[in-house]
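Student: What follows is a structure written as structure tokens; I'll ask about it next.
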Amino acid sequence: MNENLFASFAAPSMMGLPIVVLIVMFPSILFPTPSRLINNRLISIQQWLIQLTSKQMLAIHNQKGRTWALMLMSLILFIGSTNLLGLLPHSFTPTTQLSMNLGMAIPLWAGTVITGFRYKTKASLAHFLPQGTPLPLIPMLVVIETISLFIQPMALAVRLTANITAGHLLIHLIGGATLALINISATTAFITFIILILLTILEFAVALIQAYVFTLLVSLYLHDNT
């Protein structure tokens with residue numbers, strides 16, 4: 001049966017209940033706003049994780065680089081929350097779109113490069129020509145270093161897109177195989193279902209790891225330019 005032309009724009013539902021309500025409510029449940037500073041163990045764990053992550057990322061930075069602390073923490077929380085929300089049934093993961101990831105990577109990368117040229121002009125220009133380069137290789141190395149500099153935001157975006165997309169495709173394929181094997185072999189279907197559960201747990205870890213890797217690389221680019 002052919003689907004309606006506007007079926008892709010319809011609000012997803014499961015068992016007659018709209019998934020949109022759960023998706024909208026999930027961030028407030030995950031990060032509740034307590035009436036006092038430390039309300040329960042969940043808030044304590046959240047604050048401990050944020051403090052631990054910020055210390056690891058900002059340990060290599062000087063005073064100027066640490067002014068980006070709020071930006072980096074907001075970035076890792078945004079990407080991590082988006083990746084986790086994308087694992088909900090019938091939901092969409094924005095970080096599987098290269099356009100969105102480039103929209104995050106390019107401004108952040110450009111900000112670090114502009115910061116470097118503004119405050120460390122000579123050091124930033126020195127990156128294009130490693131010390132001790134033979135004279136005949138200077139033009140070629142300048143071109144190579146320039147290309148590698150402009151590839152950095154593309155590498156950030158493609159890495160995040162590829163990892164999240166690959167995980168979702170595997171979940172979709174193994175889930176479809178599980179449903180197809182139910183009527184053929186219950187034992188094989190059960191084994192496939194166990195694999196699906198393990199893969200889903202792995203994807204939760206990947207969702208958080210990719211958020212950390214993306215933010216860590218931005219932090220390293222910032223360190224090179226401050």
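The backbone N, Cα and C atoms fix where each Cβ goes, glycine too.
I grabbed these lines from Swiss-Prot:
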TRANSMEM  11-31  transmembrane segment
TRANSMEM  68-88  transmembrane segment
TRANSMEM  97-117  transmembrane segment
TRANSMEM  138-158  transmembrane segment
TRANSMEM  164-184  transmembrane segment
TRANSMEM  189-209  transmembrane segment
Student: Under 8 angstroms, Cβ to Cβ: which one of 68-88, 97-117, 138-158 has the largest number of such pairs with the transmembrane segment (164-184)?
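Tutor: Highest pair count goes to 68-88.
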Student: Cβ pairs under 8 Å with the transmembrane segment (189-209): which stretch of 68-88, 97-117, 138-158 has the most?
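Tutor: Top-ranked stretch among 68-88, 97-117, 138-158: 68-88.
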